[in-house]
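Colleague: Okay, so TrEMBL annotates it like this:
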| type | residues | note |
| --- | --- | --- |
| TRANSMEM | 93-115 | transmembrane segment |
| TRANSMEM | 127-147 | transmembrane segment |
| TRANSMEM | 167-193 | transmembrane segment |
| TRANSMEM | 220-244 | transmembrane segment |
| TRANSMEM | 315-336 | transmembrane segment |
| TRANSMEM | 465-486 | transmembrane segment |
Amino acid sequence: SLVFQAVFNLLIPDHSADAFSPPRLAPPGPWDALVERLLGGLGRWDAEHFLFIAERGYLFEHNCAFLPLFPLSLRALAGAGLWPPQLQPRSRLLLSAALLNSLLSVLAAAALYGLGRAVLRRRGEAFLAALLFSLSPANVFMAAAYSESLFAFLAFSAMWQLEKGQSWLSALLFSLAAGARANGLINAGFFLYSRGKRFALQLQVGSASLRKLPVLWKQVLTLVFSAALTCAGIFLPFALFQYYAYVRFCGPGTALDETVPKPLLQLARDKGYRVAGMGGAKPPWCSQRFPVVYSYIQDAYWNVGFLRYFELRQIPNFLLALPVTLLGSWAAWTYVSTNPRHCLTLGLERSKSEETGKARDGFCGTAAFVYVVHATALLAFGFSCMHVQVLTRFLGSSSPVLYWFPAHLLQEHEPLLWSTGTDSPSSGKPLLGISPSSCGKRTPDNLVLRLLLNWRLITPLSKSILGFFLCYWLLGLILHCNFFPWT
């Protein structure tokens, strides 16, 4: 991804986009120019906000739509002394973003693999899902100076730890995720469901426990207190940041304009940006009963709201979001139609297969229920309330279902993944991408690479799935890195 974005950025002229683009305050040196040539594609669109915040803090009001964990991580890495001192801050931040997100993407894939093994209980399907994550249709945002890689790593790791019974470690990771992206708040639902399901299953063990009402009430109160404490911990980073924004933009002026460079003040005047510490009239959100700057920015700056994006001129963006919308809807329908009773009882009823230890595994297994609900909720919210084109990266960094379900379809419907030999049954020719046998045993191979190298032999369904992943991976690098509209 890093190599391709550099090549495309050199070959294709940048589009003149109406996006946040703060002026460069000092002429770049030769090393800065080299870094910009090689990694400039990582600093497009919202990445400009993250890089600006990491360098100068939350100077403009609309910067507060981007939560602080990722910019703080960039600033810490850029100041760690890893880079030549003659580089300007932006160059050090670009290098830090490339290094940090490369590492976090690998760790997120490993966490997804561990989570898949715990939930799906099929090692091959979990491994295939992790490989698909490495070819994610949101891959350009995993590489660019965005918070997607950080959030995916924290969210998938938290889900994995929760499956392993490590509740407090999981809560800490979910809390950090909520400091990286606002949609991390919905992850509190995993804790609530886990505690509620455990309590519901305990009640079904026997009727004797129902006779001990004092003990039952004590368990209920303990459950409520524990759930409330955990949710408060997950919400804490987001709440603290809202308080920070309130103090910074709603407090008395501090004559900050004397320390802000004149080009940035001129940019604020030209674009109508509100600058922190400038005094004057307070922003409208300051007088709200619960002053939340995040929701105000989404509403006032980007017109985000229920069905606001449903306009004829947005049809191209709906088409961009169509593949992931269809995939998410198909995943939800497949799961519900396979497990109707389990879905109607919200997974709170102990089934006979669970009692006998023969519960279904794989994507359609009972353990995947809460993840399908989570993915469906994100899909419905994103489709109806957000800029719909961001659905691909929104789901790609938040939900394992976007990778589990395609892995399930490939495992179920692709004959090349069923074969244990090295010959294609249809052509009799050796399949490409399969490791040679060693001492009578085949070594594991990259299943996605095997399918891509044998493109002509795979089914139309496999071509559709891999085509979606591969096309969005490549188009994202071409378009996003040159300031063209993308997801």
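The backbone N, Cα and C atoms fix where each Cβ goes, and this holds for glycine too.
Remember, predicted model here, so these are calculated numbers, not experimental data.
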Colleague: For the transmembrane segment (220-244), find every same-chain residue at least 6 residues outside the stretch whose CB is under 8 Å from a CB in it, and list them.
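Modeller: Distant contacts of the transmembrane segment (220-244): 58, 64, 67-69, 167, 171-172, 174-176, 178-179, 182, 184-185, 187-188, 191-192, 195-196, 199, 291-294.
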Colleague: Using a Cβ cut-off of under 8 Å, list the residues of the same chain at least 6 residues beyond the transmembrane segment (93-115) that approach it.
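Modeller: Hits for the transmembrane segment (93-115): 2, 35-36, 39-40, 42-43, 47, 50-51, 54-55, 73-75, 77-78, 82-83, 87, 126-127, 129-130, 133-134, 142-146, 149-150, 152-153, 156-157, 159-160, 163, 400, 403.
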Colleague: Who are the long-range neighbours of the transmembrane segment (465-486) in its own chain, taking Cβ under 8 Å and residues 6 or more past its ends?
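Modeller: Distant contacts of the transmembrane segment (465-486): 1, 4-5, 8-9, 12-17, 19, 40-42, 44-45, 132, 135-141, 144, 317, 320, 323, 327, 389, 392, 406, 409-410, 448, 451-452, 458.
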